[in-house]
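K.L.:
There's a structure below that I have some questions on.
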Amino acid sequence: MKFWQKMYLSVLIVFLIAFDLGAYGLLKKSYQLNEQLDISRGVTEFRSIEKSLSYILSEYTEDTGNINYEPVIASFAAHYYKDDILLEIYQADQLIFSNAYQFVGDRAEQNGDPYKTVYRKMNDELWLFIGGKMDFKDLKLVISRNSDYLQEYYVTLRQYFITLSFVISLILSAALIFLLFQLTAPIRKLNKGVKAIAAGAYDQRVIIRGNDEFGELAQDFNRMVDAVSNHIETIKKVSEDKEIFINNLTHELKTPITAIKGYSEFLNHANFNEEERKMAVHYIYEHIARLDVLSGKMMQLLYLKSEQITLEPVNIEKLFSYVVNMERHHIEEKQMKIKYECIAEVVYGDQELLQSLLINLVENSIKASLYGEEILLRSYHYHEGVVLEVLDYGRGIPEKDIAKITEAFYVVDRSRSKELGGIGLGLSICNQIAQLHHAKIQIDSKENEYTRVSIYFTTL
Amino acid sequence: MAKILIVDDEKAINDLIAVNLKMVGHEYVQLYSGDQILKTLNEIRIDLVILDVMLPGRDGFEIVQDIVKRNVPVIFLTARNKVTDKVHGLEIGAEDYIIKPFEAVELIARIHVILRRNQKVANEFRLDGTVVELEKHTVTVHGQEIEMTNKEFRLLDFLIQNKNIALSREKIIEQTWGFDFYGDTRTVDVHIQKLRKKLNWETRIKTVYKYGYRLEV
């Protein structure tokens with residue numbers, strides 16, 4: 001059962017019970033008051049009849065000495081009969097006159113002193129009996145009168161209340177349904193939104209205006225969805241990155257494996273000449289070397305991912321001179337020059353990792369540069385941190401590739417990169433090292449003009 | 001023999017395909033990116049293209065339809081081993097899809113199937129006075145017709161397809177008898193002996209020690 005239906009039924013039931021109880025009480029009280037009125041009227045009548053009859057009888061006895069009262073009473077009673085009042089006269093429990101219906105049963109009113117009233121139902125009609133001693137001798141008088149109007153009144157009123165409660169119920173139902181429908185509209189809206197989001201539409205939000213509980217709930221719910229969808233996004237991104245990484249790694253492994261497998265098969269089974277043999281052996285050797293580099297870099301990358309480093313002060317000048325010394329051979333090979341200037345002197349980090357980072361960057365620069373060109377290493381202060389910079393005037397990076405260049409295995413020009421022995425992990429490693437230092441790598445480049453890689457260290 | 005265009009940006013792989021094609025007597029042209037393919041097709045009559053998918057310039061999936069339009073069959077040779085890639089490659093017009101690392105014998109067999117399907121293979125093979133008519137299933141030695149069983153001819157066909165390459169006994173059984181053959185590998189030896197005798201190829205069909213046989217041309 002829906003909430004609004006429950007609400008509707010509960011309100012309706014409570015109202016009906018309350019209304020009917022009230023109506024019943026009112027009815028009872030009203031009937032009681034009417035009955036009292038009826039009785040007091042009856043009693044007044046009884047008194048006046050008793051007085052008149054006692055007087056008439058005493059006069060009659062005095063005048064005639066006759067003790068046969070019946071004719072007197074009969075004519076007297078006939079007078080009241082017109083007013084629908086019936087009389088019974090008893091003398092010492094002996095009925096001496098009656099124009100009322102006779103019936104057997106307890107006649108408590110006979111013993112009334114001065115009077116007693118009893119309501120009786122006879123033939124489905126209500127009668128009021130009032131009885132009591134008369135002043136005259138030991139006679140007893142019982143008058144009875146039809147009081148059925150009381151019952152009719154009661155029935156009419158009850159009928160009225162039933163109709164009233166029915167009509168009010170109808171009006172109330174309509175009003176309740178309308179109100180409840182309006183009031184529960186936010187719940188339905190919320191429900192719809194929740195269902196949509198549960199079905200995977202994480203970009204949807206529930207829109208409910210107002211500051212009531214529903215509005216609050218909707219806001220809280222939206223906040224929850226925000227949090228959940230953020231988490232999902234992160235998880236998706238991570239798993240996508242992982243998949244891309246693994247795909248790239250597989251691809252990266254496939255080529256050397258294909259070459260080694262193919263050439264060894266060739267050497268084993270084919271009818272080759274000396275030149276072909278040399279070529280095959282050369283390729284096998286070259287691709288084993290490539291696998292070696294790949295596994296080394298992979299190990300480094302995996303190691304970096306799990307490492308926590310301690311930041312210690314590193315002298316930048318020493319760092320630069322170490323890197324320059326390490327790359328001396330490559331530099332000389334291409335008749336290049338490398339210069340460095342240190343405005344900032346100290347950076348906080350892990351010395352070996354920073355060396356590895358700079359060597360990677362300088363090697364990239366050497367590969368990108370032509371014979372005789374120059375590479376510049378710089379350090380300077382920037383806001384509260386230190387920046388290390390590697391600048392070359394080589395072939396540069398196309399603008400569309402700059403954003404992707406730190407992704408694992410991404411190389412701008414595959415065939416050229418392979419010739420230079422690159423496998424696309426260098427910048428990925430650099431990025432990892434930078435992250436361990438809470439540093440950011442920024443790459444500016446213009447094709448065929450320059451490439452500037454800046455590492456912003458935020459920790460002093 | 002057919003002229004085959006090899007397109008692969010990895011020089012080592014490109015050369016590997018080239019030497020294997022050379023072994024079985026095909027001619028070849030080597031390209032290292034997708035950009036020059038159409039130009040080459042315009043200039044030289046090419047019978048088949050072996051195409052890598054991930055290429056600098058236009059990638060293999062992009063360019064395949066242009067090649068197929070010119071009625072040149074294409075085999076994809078790629079490291080992309082996803083079934084969806086394979087299905088896509090075949091749907092957009094490639095005749096076959098081979099995944100790296102590949103086996104030379106398999107590559108050559110598939111090339112042969114496609115060349116034959118496109119009727120771009122020679123129907124005749126001549127060596128030392130022996131003429132094999134591949135289409136007609138007839139063999140003559142110095143003009144004299146030689147009786148051959150179906151199995152013997154299939155073995156001969158397979159050796160010719162893979163001339164200069166050593167074929168293992170298992171490979172020979174797989175290709176000529178089918179996978180469901182449960183016989184001894186000695187069966188191969190018996191059939192090779194028969195072929196050598198019938199065709200006077202005692203020196204041409206070399207035994208490769210502990211491996212199999214090679215037809216040397």
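A Cβ is built for glycine as well, from the same backbone N, Cα and C atoms used for every other residue.
Below, the features straight out of TrEMBL:
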{"type": "DOMAIN", "residues": "B:3-115", "note": "domain 'Response regulatory'"}
{"type": "MOD_RES", "residues": "B:Asp52", "note": "4-aspartylphosphate"}
{"type": "DOMAIN", "residues": "B:122-217", "note": "domain 'OmpR/PhoB-type'"}
{"type": "DNA_BIND", "residues": "B:122-217", "note": "DNA-binding region"}
K.L.:
Return the average pLDDT for the domain 'Response regulatory' (B:3-115) as a whole number.
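P.N.:
So the average pLDDT across the domain 'Response regulatory' (B:3-115) works out to 89.
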K.L.:
Per DSSP, how many helix, strand and coil residues does the DNA-binding region (B:122-217) have?
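P.N.:
Going through the DNA-binding region (B:122-217) residue by residue, I get 34 helix, 26 strand, 36 coil.
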K.L.:
Once the chains shown are all counted, how many other Cβ atoms turn up within 10 Å of the Cβ of B:Asp52 (4-aspartylphosphate)?
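P.N.:
The answer is 25 other Cβ atoms.
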K.L.:
Sort the residues of the domain 'Response regulatory' (B:3-115) into helix, strand and coil with DSSP and give the three counts.
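P.N.:
Counting residues per DSSP class in the domain 'Response regulatory' (B:3-115), I get 51 helix, 23 strand, 39 coil.
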